[in-house]
Every structure is written in C-alpha cells, then in structure tokens.
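What follows is a structure written as structure tokens; I'll ask about it next.
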Amino acid sequence: MNEPTGDADEGQPLTRREAREAVTPDGDAPAQREPAPDPATIMREQLRQARGEFETHVNQAREHLDQANERIKARTGRDLILAILVGLAFGAVLLGSLLFIKELFVPIALAIAVLGIFELTRALRGAGRRIDIVPQVAAGVLLVVAGYFAPAWLSWVTLLFAVAFVIVWRLVAQMAARDGRTYGDVLTDAVVGGFVQIYVPFLTSVALLLLRQEGGQWWVLGFIAVAVASDTGAYAAGLAFGKHPMAPRISPKKTWEGFAGAVVAAIIAGVLLAIFMLEMPWWAGVIFGIAILLSATLGDLGESMIKRDIGIKDMSSWLPGHGGLLDRLDSILPSTIPALSLYFLLSPWATLT
C-alpha cells in the first residue's frame with residue numbers, strides 16, 4: 001500500500017494562467033500584483049496636468065499680448081491696454097448717467113469742463129501765455145450751468161458775458177501789473193482767454209442744451225458714440241494700413257487710410273443709431289455720421305495744431321494711456337454743434353426748450 005507523499009497533484013498539467021503565475025520572467029518566485037490605482041489620485045493628477053497646461057497657455061498669451069502692446073506703444077506712443085481700461089471706465093460713467101438719470105450727466109459735464117479749463121490754461125501758461133485761472137473757472141461754471149437750466153437765448157448771452165469777463169479781467173490785471181509786456185502779447189493773452197471759454201465750457205454747455213431736449217439724452221449718447229467710433233476706426237485702420245500722411249505738418253501720425261477707416265466706422269455707427277435708437281431713417285443716419293465725422297476730424301486736427309503751436313505732445317498726463325482729458329475730448333467737444341443742429345433738423349422729437 002502506497003503512502004501519500006503530499007504531491008497528489010503531481011503529474012497533472014498546469015493551466016496557462018497557472019504557468020504564468022508560477023514563474024516570473026527571471027525565473028524567480030511569482031511577483032505580487034500591483035494594486036489598482038486610486039481614482040481620486042488619477043483625477044488629481046489629471047487636474048494638475050490640466051492646470052499646468054492652462055497656465056502655460058495663459059503665460060504664452062500674455063507674452064504675445066505684451067509684445068503686441070510694446071509694438072503699438074513704440075509706434076503710437078500709447079499703452080494700448082491701459083488706454084482701453086481707462087476708456088471703458090470713462091465710458092461706463094457716461095453711459096450710466098445718460099441711460100438711467102440724465103440729470104446725473106450735468107455734474108459730470110461740469111466737472112469735465114472745470115478740469116478741461118485747468119488743463120488748457122496750465123498748458124497755455126507753460127507756453128508763456130497769461131491766462132487767469134480763477135475768472136476762467138468762475139465764468140466757465142456759469143456758462144455750463146446756464147446750458148442746462150437757463151433758456152436757450154440766455155445761454156448765448158451768458159457766452160458773450162463769459163468771454164467779455166475774462167478778457168476785461170486780463171486787461172485790468174495787466175494794467176495793474178505794469179511789467180512792460182508788449183501790446184501784442186497782451187492782446188494775444190486776452191484773445192486766448194476768450195478762446196478757452198468758447199472751446200471748453202461753451203461747447204460743454206451745448207451738449208447740456210441738447211441733453212435737456214425731449215429725447216436729448218439719446219442724441220448726446222449718439223453723437224458721442226459716433227465720435228468714438230470715428231476715432232476707433234481711424235486708429236485701427238491707420239495702425240494696420242496707414243502709409244500716406246493726412247496732415248504731416250500738423251499731425252504726422254494721421255493718415256488717409258486712417259481717415260477712410262473713420263468714414264466707414266462713423267457711417268455704420270450713424271445708421272445703426274439712427275434706426276435703432278434715434279427713430280430716424282437710415283439716410284438720416286448717414287448724414288448724422290458724416291457730420292459728426294467731419295467735426296470730430298477737424299476737432300482732432302485743431303487740437304493737434306494747438307499742441308504743436310505751444311510745443312507739447314499731450315495736454316497733460318491725467319488719463320493714463322490717453323494723455324490729457326482734452327486729448328480724449330478733442331473730437332467730442334466740437335461735435336456738440338452739428339449734433340444740436342441736426343437734432344432740430346432731423347429728430348422727430350425736436351421742440352426748442
């Protein structure tokens with residue numbers, strides 16, 4: 001009788017699976033199976049990789065944007081990103097006042113006029129002109145307030161008073177000074193002082209005269225939008241295609257290609273605003289767009305001429321990325337005149353108040 005040996009299964013063939021598990025590639029004992037990875041660990045690793053790729057893309061985009069901004073800054077002298085941010089903030093304030101409570105636009109316009117007077121008189125005094133700030137501000141405040149609260153005819157009377165007031169003040173101040181200044185310089189100082197009143201507070205008061213009309217807030221918003229569209233179109237087209245200077249002796253960076261871009265942008269903006277906001281036919285929008293385009297372009301060139309004459313690049317550095325306040329209003333302020341005129345010619349709401 002045979003004794004059991006403990007190898008009862010000896011001689012029976014192993015299955016393929018048992019053979020693989022019995023011997024490792026090195027002939028050693030069977031290797032232990034690795035535990036299955038934790039799903040949470042896999043997810044964390046995938047998130048880490050995704051975050052790393054996202055940060056890489058963001059850094060690359062930032063580098064490209066910085067490089068493009070430096071190229072634009074080298075060509076135009078402006079920090080594009082900063083200029084856009086400041087412009088958006090400024091536009092949001094104006095838009096909010098006009099859309100919700102139009103009376104809020106009055107103190108904003110008054111503040112703009114006062115700052116504009118300070119900025120312009122400071123630049124002119126730096127060029128040797130004698131401009132008296134206190135009477136300029138006092139007359140300017142009166143003129144702006146009259147634009148909204150006084151009858152239309154009284155606004156024109158206030159303009160005459162304001163111009164006469166600052167001129168007489170300068171003449172009296174010069175007689176009291178007795179410092180030997182020539183008659184030509186004194187006359188120039190007086191005329192320039194009157195110009196300050198016309199350029200800043202009077203044109204601001206025209207905007208308020210338009211604002212107080214029926215539906216006037218939409219017209220103020222409309223002409224500002226067309227002027228901004230014109231500036232933006234000119235800037236973009238000039239930057240991309242500008243080769244032929246428009247007025248090299250006044251503003252070397254303005255080109256005919258930029259002006260063409262301004263024409264297209266202004267007409268498109270005018271037509272869209274006429275149809276969807278001002279309740280006018282499309283052809284009235286074309287007229288509106290062209291009129292604002294011309295006044296905005298002339299205003300831009302006019303201020304460039306003033307700055308060139310007094311030897312400065314910007315009126316000030318109060319608005320980062322833009323220069324001075326008047327550097328941004330040079331196309332808007334002169335556009336108040338055609339905007340008010342077209343309101344009475346084309347608007348279905350027109351009634352003089």
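Quick reminder: no glycine exception, Cβ is built from N, Cα and C everywhere.
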Under TrEMBL, which of the candidate ranges 133-150, 331-348 is annotated transmembrane segment?
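Checking TrEMBL against the ranges 133-150, 331-348, the transmembrane segment one is 133-150.
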From the ranges 50-76, 185-211, grab the one TrEMBL calls transmembrane segment.
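So the range that TrEMBL calls transmembrane segment is 185-211.
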In TrEMBL, which of the ranges 80-98, 156-174 has the transmembrane segment annotation?
80-98
Could you pull out which residues elsewhere in the chain have a CB under 8 Å from any CB of the transmembrane segment (104-121), counting only those six or more residues past its ends?
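Sequence-remote neighbours of the transmembrane segment (104-121) are 93-94, 96-98, 131, 133, 136-137, 140-141, 144-145, 148, 196, 199-201, 204, 207-208, 211, 217, 220, 315-316, 318, 324-326, 329.
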So if I exclude everything within five residues of the ends of the transmembrane segment (217-237), which remaining residues of that chain have a CB under 8 angstroms from its CBs? That is, six or more out.
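Sequence-remote neighbours of the transmembrane segment (217-237) are 76, 91, 94-95, 98-99, 102, 105, 207, 210-211, 254, 257-266, 268-270, 273, 277-278, 288-289, 292-293, 296-297, 300, 331-332, 335-336, 338-339, 343, 347.
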